[in-house]
């Protein structure tokens, strides 16, 4: 997917980018490739692949209408090189974006990226979701939580739901095993007082299959969740 094809696809979906936004995506791509030589950010570095599998895939929830262009607080867990939240922020500048990532080198890259792109209302924290999820500054504070290729739904739900306000929503971007993951996560979602609102398949422009899973928080998360770092992964709910 060339940059031009990416812009055209967004325009056809009703999201015409400004020249400034196009320049931001171009700068993002160049910085990603440059920094990937220093630290391992992604295995995907060819321009057409980045625009398809990183940029387009990241903004799919916007194209599908899951996120409005409003000043909502969005938390991205394990964003790595900034996906999906930074492409979302470029498209919807009103979003207030927080990223938590366990690798400090990636946080350093994201800080530099935000500065180079001129992004405001972006915040970066180094650490584990399990620890931040028990911190009052973060727990129950977000309208939206996004996660892309972080963990299976059974684990991911415990790492993300505690951050949401009541009626806040988790938007999980998943590959083809999503149906099986949801079945495995039923108990975890019940324990966390969360409910699946939507679970939709979609295709990237090249035909690759993906899923968007939308989960709503119904009540306050029990205090014992998330459990200590590492436990959700070793002993899923």
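From the backbone N, Cα and C atoms, a Cβ is placed for every residue, glycine too.
Source: prediction; values computed, not measured.
According to Swiss-Prot, the S-adenosyl-L-methionine binding site annotation covers 78, 83, 129, 130, 148. The Cβ neighbour count for residue 130 (S-adenosyl-L-methionine binding site), using a 10 Å radius over every protein chain in view, is 20.
Spread of the S-adenosyl-L-methionine binding residues is 20 Å (greatest Cα-Cα distance among 78, 83, 129, 130, 148). If you take the C-beta of residue 83 (S-adenosyl-L-methionine binding site) and look for same-chain residues 6 or more apart in sequence within under 8 angstroms, you find 54, 57, 58, 148. Around residue 129 (S-adenosyl-L-methionine binding site), the same-chain residues six or more apart in sequence whose CB sits under 8 Å from its CB are 77, 78, 100, 159, 160, 163, 226, listed in sequence order.
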